[in-house]
Every structure is written in structure tokens, then in C-alpha cells.
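Undergrad: What follows is a single structure, and I will ask about it in a moment.
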Amino acid sequence: MYLFNYKRTLYIAGMVLCVACGNSKKQQQQAAMMAMMKPTVTTYTVQPSSYTVDEKFPATLVAHDIVQLRSDVTGYLERIRVADGSTVGKGQPLYDIDMSRYQAAYGQVAATQQQAEADLAQKQRDYERYKTLLERDAISKQTVDQAYTAVLTAKANVAAAKASVARAGTDVSHAIVKAPVAGKIGIVQIKVGDIVNAGQTVINTLVNEHPMYADMDVPQARLPEFTRMQKGQGDGQKFFIQFGDGTRYSEPGRIETLNNIVDPATGTMKVRLVFQNKDGMLKSGMSIVIVMEYATPATQLAIPNKAIVQNLSETSVWVLSKDNVASSKHIVPGPVSDTMLIVKEGLQAGDRIVVDGIQKVKPGDTVNVAGAGPAPAPGGGK
């Protein structure tokens, strides 16, 4: 009897042990499955550092002076005095318009002036003679008054003749088109013998390329910042021109002026910079990029570009708790420094954010951390 109970007890104990072992193994498998179901990510720990920032703004180059050369008189183009592309001085003769008709007109009005002056001299002599006769009661006062009126009329005729001579002289002088400013002329638009219509026909374009302006638009919210820069109270910002091939112009520029209005349609304000252009490499009308370069304070926070989650107009990142639980956190992004995004608001030093695997994460997920991203190099990884 006792032997039977003992065997039964051993049997039951063995069964219980088998069940327990099976449950333990199942739990381990379930735990392994749960671990496999957790998204695996890499992280980056936010730390303060100094970064070199290159902010870029589309811009257009505008010459100091741009003058379309037109003649003030009509006639055919008689002579081209300078070659295309020449650098010319202010007042230098450039093009001759046929002036024969204007010289003839000048001669005619000059002769009219001489006639008017001769008539005035005669009228003045008559008036003086009549005054003497009046003193002797040899002539009526009415005759003297009429002589005086004739003198005034003759003076008016002389003045009118002089004005006509001046106008004709202007036409003659304007038949020679001169440079109104110093600069560089372009390619002539007409040929010798072509008719030039006064005030209409563009003969050439004269551009004063030194210095050269660059106009760019900035958000109106940055008006105080750019105002400080203009006054020399910025944070060491430098401005460079970047061409389409990625190269930079050697000479840095400075802020010349801020426009006095904000475009209500775009909410932007025009900022004009000035660049020296002694080598003539910069051309008016060129589309370029203005690079504003500066270094941030050593307390600046930044994150890898690939860590951001963009949702419409909102930018966020996945932040991990000490237990690796993910939560979405809104940030205010700043400019980009190489592969790093400057963060203006939303994060603190020491925050761990998800860098790789952001597409796998949902709010409240517990994640597996595979590794931490590399720390940025001094100066923003440049």
C-alpha cells in the first residue's frame, strides 16, 4: 500500500515538473517573440556644441547703375566711337547721330537771333532820339510811348531767338550720344545707317558694375536680427556669393540697406547687400545664392537631419525615456549645419532621440536600442 502511494506521488511530481518546464520554456519563447516585435533603433544623445552655420538665400545681382543709351534726337546712326564691351568714362562720346539737319536748324535760328538783336538796337536808338525830341516839345508823348513799347517787343524777340538757338544747340550736341555715367557698355543693338528714333531706340546698355548689389528676401520676423547686423551689432555674420556650380566669390559683402516696406503677399522684406567687383566677374541680373556664415554659441543644441519627423508644417522627433519608451516631441528647427539641424526650442541637453528607425516607432512603443549615433565634430562636423 505504501509502495503504491509512493509511486503515485513520484508520478504526479514528475508530471508537475514537466508542465512547469514546458511553461517556462513557453514564457521564454513569448518573451523572445515580444523582444523581436519591439522596433530596433539607434539613438543620439543631444549635447551642446558650437556649429558653423551656412544659411542660404536666393538673390539677384543688381548693378550700381544701369542705363539704356537712347538718343534725344532722330536720325541715322553715323558713327560708332567705341567697341562693344569697352569700359568708358562719364561724358565720353560713344555714338554719333547724323546732325546735318540740326546744324542747319541751328544756323537758321542763329541768324534769326542776329536779326532780332539788330532790330532791338534800332528800336533803342529810336527811343533815345524820341526822348530828346520830347524834351524840346518837338514830338508827342504818345510817339515816345510807342517807341518804348517797340523796344520791349524787340527785347522779347531777342529772348525768344536766344531760346531757339539754345534748343537748336542742344539738338546738335545731343546728336553725339555720351556716357552719362562711368561703366561698361554691352553689345550695340543697331548698326551704322540704321534710323534712331528720339527717346525710343535703345542703342546699347551701359552698366556701372563696381560695386555690385545683391537683393534677397528674408522673413519679416528676422527684421530685428538684420537691423542689428546692418548697424554692426551682429554675431560675426559674413556674407558670400555662391554661384550655380557651388563655388564662392572671393570677396565677402555687407548689408547696404533694408527696404522700408514688407511685401504683404509674401511676408518678406528685401535686403540689399553690396559687394566689391573690381575684377568685373559679377554681372547684373545674375541669379545667385547668398550664404550667410556664422558660428553659434557653444551652448547650441543640434540633431542629425535624419532624426526629424516632418508632418505638414510641424517638425518633431522621437524622444526616449530611461526605459526606452518613445514619445513624440515638437521642436522649432533652425538652419542646417552640414548634416546637423540646429534646434531653437523643444529639446534639452541629455535628451535621447531616435535617429535610425523613426518610421518603425509609434507613441508609447518600447524600443530596442541598437546603438548611439556618433557625436558631432567640433564646429558642426565641418
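Placed from the backbone N, Cα and C atoms, the Cβ positions cover glycine too.
No curator has checked TrEMBL annotations; they are predicted automatically.
Taken from TrEMBL, the feature domain 'Multidrug resistance protein MdtA-like barrel-sandwich hybrid' applies to 66-206. Marked as domain 'Multidrug resistance protein MdtA-like alpha-helical hairpin' by TrEMBL: 107-171. TrEMBL lists 211-293 with the feature domain 'Multidrug resistance protein MdtA-like beta-barrel'. Annotation comment: TrEMBL describes 302-360 as domain 'Multidrug resistance protein MdtA-like C-terminal permuted SH3'.
Could you give the neighbours, burial and distances for every feature on this list?
TA: When the domain 'Multidrug resistance protein MdtA-like barrel-sandwich hybrid' (66-206) is classified with DSSP, helix, strand and coil residues number 70 helix, 31 strand, 40 coil.
On the 0 to 100 pLDDT scale, the model's mean across the domain 'Multidrug resistance protein MdtA-like alpha-helical hairpin' (107-171) is 92.
With DSSP states grouped into helix (H, G, I), strand (E, B) and coil, the domain 'Multidrug resistance protein MdtA-like beta-barrel' (211-293) comes out at 11 helix, 41 strand, 31 coil.
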